[in-house]
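Taken verbatim from TrEMBL:
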type	residues	note
DOMAIN	1-91	domain 'Cytochrome oxidase subunit II transmembrane region profile'
TRANSMEM	27-51	transmembrane segment
TRANSMEM	63-85	transmembrane segment
DOMAIN	92-225	domain 'Cytochrome oxidase subunit II copper A binding'
Amino acid sequence: MAHPTQLGLQDAASPVMEELLHFHDHALMIVFLISTLVLYIMVAMVSTKLTNKYILDSQEIEIIWTILPAVVLILIALPSLRILYLMDEINDPHITIKAMGHQWYWSYEYTDYEDLGFDSYMIPTQDLTPGQFRLLEADHRMVVPLDSPVRVLVSAEDVLHSWAVPALGVKMDAVPGRLNQTAFITSRPGVFYGQCSEICGANHSFMPIVVEVVPLEHFENWSSFMLQDA
């Protein structure tokens, strides 16, 4: 999860998020190069009194500064489109979870099981135990198996919400009357936090998302316990 004074993005917990981090670094390096070149030209124009007559009217230079930006845009667009299609791929998910947004909590339903669902509310500050995070902990976590394709169906019951977990590279709007879907594969076990990313009313800041990634054996034990408890 993010921490104070952090400059970069969160550590990736899924292959798609790793690709997004690489693309971010790739695009940022291009921005640095362009900024350095523009700054050098500005300083050179202001500080020198010499004028090059070939720069004042040169067809070759005009061709270069027309083609060069187009090449730069292509270098950014191609990996961006590749990641866009990777994020949209949903191939044979092992488990499907329906996430419903409410004012102001989330409810989860594991559609592959007959009766496995629960509501997930934020734990109030006064009820937190040592080590838990304020405004991020939920009383029920969404538990998923490690290294398994997970499909999440996202919708809302009342107003617009958005189901987002930065470490997984997932963000999907929850729209009343519409069923959106996204997918992810987790690459390491852990607990990953997110929040509603669409302003949805007075308690918009108080509906966290907690995804717990566990090995498959632990997930089966958890699901069996939840079914017995229900």
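Each residue, glycine too, has its Cβ placed from N, Cα and C.
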Other parts of the chain folded back onto the transmembrane segment (27-51), taken as Cβ under 8 Å at six or more residues beyond its ends | 72, 75-76
Looking only at the domain 'Cytochrome oxidase subunit II copper A binding' (92-225), mean pLDDT returns 93
In DSSP terms, the domain 'Cytochrome oxidase subunit II copper A binding' (92-225) comprises 19 helix, 62 strand, 53 coil
Over the span of the domain 'Cytochrome oxidase subunit II transmembrane region profile' (1-91), count residues by DSSP class, listing helix, strand and coil in order.
-> 67 helix, 0 strand, 24 coil
